[in-house]
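Peer 1: I have a structure here, written as structure tokens, and I will follow up with some questions on it.
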């Protein structure tokens with residue numbers, strides 16, 4: 001460590017010895033000085049250690065049951081899909097750790113198992129992927145397949161998906177290479193028919209072809225500023241071998257393909273589609289051949305070996321979603337009003353009415369918040385300005401839009417409806 005001052009009284013950095021004139025700023029402590037350059041260096045060292053810790057965290061991958069337990073706290077229903085995802089994610093990161101610690105060339109190389117989620121809008125596909133990434137503390141990015149086009153056409157390149165993941169990892173490449181990418185609306189890039197078309201399909205089969213390499217694992221050149229607008233920028237190299245890709249889509253109409261296939265195979269045994277277990281969704285019987293008939297190319301399907309079907313949420317499921325998860329919507333709005341010292345209660349019939357509205361609008365769980373916002377708008381406007389409001393009760397009539405919430409006052413001996 002350098003002396004703080006010399007014979008001329010010049011202040012020096014205690015770490016690098018530079019004078020006040022040689023640096024931008026020197027910060028004084030009890031008998032110690034440090035310059036801005038040494039502060040920056042210390043920050044870099046600390047950041048690197050934190051990044052190393054974040055990368056090392058994955059060596060202790062939660063078991064499938066532990067992953068399922070976390071999913072159960074946040075996601076209602078979809079039991080089969082949650083179990084499938086728990087096993088697939090555990091196996092993926094076990095494979096990542098094995099590839100890093102493989103000692104000899106005789107070790108069996110484990111192939112990557114990307115995941116395809118099939119289910120209607122609002123059934124929880126995106127939320128499941130987000131919860132998995134949060135549970136594992138890995139970078140997470142969402143992309144929309146409908147915005148992607150082949151290189152050379154107007155639209156987003158597939159490399160832009162990796163840019164979003166890199167940004168989520170604060171541009172730490174090593175962390176990004178162990179992240180999760182969720183590609184939504186994957187069914188929208190299906191071929192229009194099984195037959196190969198001679199016309200160019202720049203947002204369909206062409207995008208599937210463009211995605212093949214990064215799904216399988218390749219070293220991709222990612223433009224840090226977004227590609228086409230900055231053609232002369234330096235590229236960042238990202239290896240996608242250990243990136244877990246989860247794709248999702250509603251696949252409207254695929255149930256007809258499944259029914260036709262099951263019907264053809266059961267006729268010889270005197271069974272019909274109605275002989276299937278009524279409690280089981282037809283979607284649970286999807287196989288890769290059905291995706292092929294829907295319009296995904298064989299090479300693309302081959303890179304999505306794990307398939308999980310999500311059922312359409314029922315009225316009871318939506319009521320549970322409103323109240324049971326850790327961050328349930330009802331709990332969120334109760335918390336909001338509690339900040340204004342006001343209690344909030346939803347009558348059971350009101351919850352059923354809210355769920356019925358979501359089903360009527362065909363929005364699933366995704367539409368629940370907007371419905372509650374409509375119901376709560378006047379309440380959330382009035383409560384902050386009226387300290388006499390003690391409690392708000394959301395009734396069935398209020399939920400249906402035929403009445404107003406019940407207001408209970410603490411100072412005025414009355415009840416307004």
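Positions of Cβ are set from backbone N, Cα and C atoms, glycine also.
Under the heading domain 'ClpX-type ZB', Swiss-Prot lists 1-54, citing sequence analysis as support. Look at Swiss-Prot and you will find 13, 16, 35, 38 tagged as Zn(2+) binding site. Marked as ATP binding site by Swiss-Prot on the basis of sequence analysis: 120, 121, 122, 123, 124, 125, 126, 127.
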Peer 1: I'm trying to understand the geometry here, so how far is the Cα atom of residue 126 (ATP binding site) from the Cα atom of residue 16 (Zn(2+) binding site), in Å to the nearest whole number?
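Peer 2: Computed Cα spacing between residue 126 (ATP binding site) and residue 16 (Zn(2+) binding site) is 50 Å.
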Peer 1: What three-state secondary structure does DSSP assign to residue 127 (ATP binding site)?
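Peer 2: DSSP assigns residue 127 (ATP binding site) to helix.
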Peer 1: Within the same chain, and leaving aside 120, 121, 122, 123, 124, 125, 126, 127, name every residue whose CB is within 8 angstroms of the centroid of the CB atoms belonging to the recorded ATP site, in sequence order.
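Peer 2: Neighbours found: 119, 248, 310, 364, 365, 366.
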Peer 1: I need the CA-to-CA distance for residue 35 (Zn(2+) binding site) versus residue 125 (ATP binding site), whole Å please.
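Peer 2: Residue 35 (Zn(2+) binding site) to residue 125 (ATP binding site), Cα-Cα distance: 50 Å.
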Peer 1: Near residue 120 (ATP binding site), how many other Cβ atoms are within 10 Å of its Cβ?
Peer 2: 18
Peer 1: Counting Cβ atoms within 10 Å of each candidate's own Cβ, which of the binding-site residues 122, 124 comes out highest?
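Peer 2: The residue with the densest Cβ neighbourhood is 124.
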Peer 1: So among the binding-site residues 123, 126, who's got the most Cβ atoms within 10 Å?
Peer 2: 123
Peer 1: From the Cα of residue 127 (ATP binding site) across to the Cα of residue 38 (Zn(2+) binding site), what is the distance in angstrom?
Peer 2: 43
Peer 1: Other residues near the Zn(2+) site, CB within 8 A of the CB centroid of 13, 16, 35, 38?
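Peer 2: Residues close to the Zn(2+) site, other than 13, 16, 35, 38: 14, 15, 17, 18, 23, 26, 33, 34, 36, 37, 39.
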Peer 1: Would you mind listing, in sequence order, the residues at least six apart from residue 125 (ATP binding site) in the same chain with a Cβ closer than 8 Å to its Cβ?
Peer 2: 117, 119, 182, 184, 248, 310
Peer 1: Please report how many Å separate the Cα atom of residue 123 (ATP binding site) from that of residue 16 (Zn(2+) binding site), as a whole number.
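Peer 2: Residue 16 (Zn(2+) binding site) has its Cα 58 Å from the Cα of residue 123 (ATP binding site).
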Peer 1: Least buried of the binding-site residues 16, 38, going by other Cβ atoms within 10 Å?
Peer 2: 16
Peer 1: Is residue 35 (Zn(2+) binding site) helix, strand or coil when read with DSSP?
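Peer 2: Note: residue 35 (Zn(2+) binding site) is in a strand by DSSP.
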